[in-house]
Amino acid sequence: MSDLDKLFEAARAVREKAYAPYSNFLVGAALRTPDGSVFTGCNVENASYPVSVCAEGGAVGAMVAAGYRDIAEAVVIGDAALCTPCGMCRQRLKEFGTDDLIVHVADLNGIRRSFTMDELLPAAFELDYKSNNRKD
Ligand SMILES: O=c1ccn([C@H]2C[C@H](O)[C@@H](CO)O2)c(=O)[nH]1
Ligand SMILES: [Zn+2]
């Protein structure tokens, strides 16, 4: 199984864990770090709708909690609709990805579209101290 197939499979599996009783839109996200580690997240909704967190937010949190600061490749999987990351999640992913980071958007049948980070969030807002904050 290729690295990308594994990432897709990880996103597909975590999507099943999503808590989305309000939208019924289950999302999974899987991030690969440069050393091949994979971190996943699913959306977790809330009765107070804006409190909900996206799948990408969970995956980024898991990655950072494990001590990683770089995303090498990402897969986001929804269902029928093309599940491109929302605006907030584009900013979240950019914090730990280069402009060349590939974000694959999938449905249950496989990857449908692949974008660079720069396509998703051109002219991204960043602060200088971000680079000082890297662990490597
Ligand atoms: O990339 C995306 C797009 C949407 N959602 C979630 C937010 C909400 O719980 C549901 C419907 O918008 O899908 C994500 O987790 N990631
Ligand atoms: Zn989001």
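From the backbone N, Cα and C atoms, a Cβ is placed for every residue, glycine too.
The annotation domain 'CMP/dCMP-type deaminase' is assigned in TrEMBL to 2-128. What TrEMBL lists as substrate binding site is N43, V44, E45, N46, A47, S48, Y49. The Zn(2+) binding site annotation in TrEMBL covers C54, C86, C89. Under the heading active site, proton donor, TrEMBL lists E56.
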Listed recorded positions C54, E56, C86, C89, filtered to Cα within 10 Å of E45 (substrate binding site): C54
Fewest other C-beta atoms within 10 angstroms, as judged across V44, C86, C89, which are the binding-site residues: C86
Distant-in-sequence Cβ neighbours of N46 (substrate binding site), under 8 Å, six or more positions away: S52
Proximal residue to E56 (active site, proton donor) among binding-site residues V44, A47, Y49, C89 (C-alpha distance): C89
V44 (substrate binding site) to C54 (Zn(2+) binding site) - Cα separation in whole Å: 7
Stretch-averaged pLDDT - the domain 'CMP/dCMP-type deaminase' (2-128): 97
Among N43, E45, N46, A47, Y49, C86, the binding-site residues whose C-beta sits under 6 Å from ligand 1: N43, E45, C86
Neighbour-count leader, CB within 10 A, binding-site residues: A47, C54: C54
Spatially closest candidate among N43, A47, S48, Y49, the listed binding-site residues, to C89 (Zn(2+) binding site) (Cα to Cα): N43
Listed binding-site residues N43, A47, S48, filtered to Cα within 10 Å of C54 (Zn(2+) binding site): N43
Distance-selected binding-site residues near ligand 2 (C-beta under 6 Å), from N43, A47, Y49, C54, C86, C89: C54, C86, C89
Cβ neighbours within the same chain of S48 (substrate binding site) - under 8 Å, at least six residues apart: none
